[in-house]
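Look at TrEMBL and you will find His219, Asp220, His223, Glu235 tagged as Zn(2+) binding site. Under the heading compositional bias 'Basic and acidic residues', TrEMBL lists 67-79. Residues or ranges marked as region 'Disordered' in TrEMBL: 19-41, 62-89.
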Amino acid sequence: MRRLLLRAVGAVRGVPLLRAGPGSPGECFPPAPPQPLRRSGRPFTRVCPSPGPVPHPVLPAGTARLSHSDPRGWDGHTGEEEEEEEEEGWHQLYPSHIPTSPLQKALLAAGSAVMALYDPYRHDMVAVLGETTGCLALPNLRDKMKHHPEGYRILQERPCIRLSTLDMSRLRGLPDGSLGREYVRFLEDNKVSPDTRMPPKFVDDEELAYVIQRYREVHDLMHTLLGMPTNMLGEVVVKWFEAVQTGLPMCVLGAAFGPVRLSARKLQVLATELVPWAIRSGLNASCVLNVYYEQRWEQPVESLREEIGIFPPPAVRV
């Protein structure tokens, strides 16, 4: 138990403690349908289409490799430890997955919540908080997607928004006011990149892990549709909209406690203009995860807002 908790905490700090394979920012979930397997009487899902030995990592020149006589694997764990984990029911469900117990999730949620409140720009802590507290909201979002034609297709094809999947030159050449052009303008003006979104680690369901990854990937598109910058006021407004839309506790926490860092003038604008608009838009809009944004780049932002049900932003400076 202690060893698993240390591994989970270490993973949050960026230490690659599990044999996670691909899972760094910039990689996508495979579109191939998962293969259900069963081991030790407990069902789990294999993401890789074909089983086989895990290849040794490519080490930099001059780096020593463990000898074949060394009982430890390249992830630092012995075969006995791995067998013990399998007997305990700890199974890796997708490349970046780190299995954790309910107690471990509770500890991670508490620690990440404190750090996220202390520094709202710690995106790694915000990500952990979203994963460890979304056990009720994520299945609800997944069901909404499954019962919507466009959302169901997204779940099947599993597109991802990364620099490697975007034709930035084409998007820059789209007319002003189109979703693609305004999205690129938002990225450039705010100096952000879609590749900074961390892959999920602590969601114990492969399909739900894609749902929260998709939510993270469309977050910048929510800024674009809502016309909000990435300053604290803009982030709080987007969090209010997302809290109503998704029900994720992480969004509710950010919406509730984010304003404590705002000035009195901005608090007044937030309370009288922006929050009421964000709540009304969130309640009126259809599920934002049911939009295949990659196929809507040419659509005008105003048209897409109207289609989704987002009201025009208030004429106030954010």
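Using the three backbone atoms N, Cα and C, a Cβ is placed for every residue, glycine included.
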Neighbour tally for His223 (Zn(2+) binding site), based on other Cβ positions within 10 Å of its Cβ:
23
Other residues with Cβ within 8 Å of the Cβ centroid of His219, Asp220, His223, Glu235 at the Zn(2+) site?
Val192, Leu221, Met222, Met228, Thr230, Gly234, Val238
Cβ neighbour count within 10 Å of Asp220 (Zn(2+) binding site):
21
Sequence gap of 6 or more, C-beta under 8 Å: which same-chain residues meet both conditions with respect to Glu235 (Zn(2+) binding site)?
Pro120, Met228, Gly254, Gly258
Tally every other Cβ atom lying within 10 Å of the Cβ atom of His219 (Zn(2+) binding site).
19
